[in-house]
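Have a look at the structure below before the remarks.
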Amino acid sequence: MFIVGLTGGIGSGKSAASQWFEKQGIQVVDADIVAREVVDVGQPALKEIATAFGDWVLQADGSLNRRALREHIFQSPESRHTLEAITHPIIRKSIIEQLNAATSPYVILVSPLLFETNQHELTDRNLLIDASEEIQIARASQRDGQSIQQIQKIIAAQMPRAEKQQRADDIVLNDGHLKHLYQQLIALHENYLNH
């Protein structure tokens, strides 16, 4: 199976790109969705997180208090490493299972941390959806309702844009309209079909 890693910073257009590929009949494995699934109520990772951090990470219904945990890990690199040590191996295993089950001509692995988590090791080619920091902040603040400061912290925690550009095999600049994004994706889709 030919696997294309798709990455980009917050607000870059990863979701728009992955949805376009899905409309072309290409299966998409989304690392963010997998990451949410592995910490659902009843999943072993959730129990490990509560043991490592304390019950404050749980809401009254037993689900993960994502916002509180996110704020905590952005303030504490040590806590972030603890969380990643618990979740990353479980996430990787689930991603591999989903990639292996794909039946489309190729499969897309969407991951905002494709390089940071070494998920690029699972791919044959890597596509960066790129946007300027100003565009990223504008899109993410409109979409998520987060403060500019919180979005800047997220951007700062991710691999620098220039490094992602160096590591990517293909780069799509998404500073404009969706029509322009889709035009660039059409050419890449044809290349990926002919891998």
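A Cβ is built for glycine as well, from the same backbone N, Cα and C atoms used for every other residue.
Annotated features, as they stand in Swiss-Prot:
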- G11, S12, G13, K14, S15, A16: ATP binding site (BINDING)
- 3-195: domain 'DPCK' (DOMAIN)
Site of maximum Cβ density within 10 Å, from binding-site residues S12, S15: S12
Residues flanking the ATP site, with Cβ no more than 8 Å from the Cβ centroid of G11, S12, G13, K14, S15, A16 and excluding those residues themselves: G8, A17, I129, A131, R139, N174
Segment-level pLDDT (mean, integer) for the domain 'DPCK' (3-195): 94
Which same-chain residues, if any, lie at least 6 apart from G13 (ATP binding site) yet have Cβ under 8 Å of it: I129, A131, R139, N174, L181
Least Cβ-crowded entry, counting other Cβ within 10 Å, from the binding-site residues listed as G11, K14, A16: A16
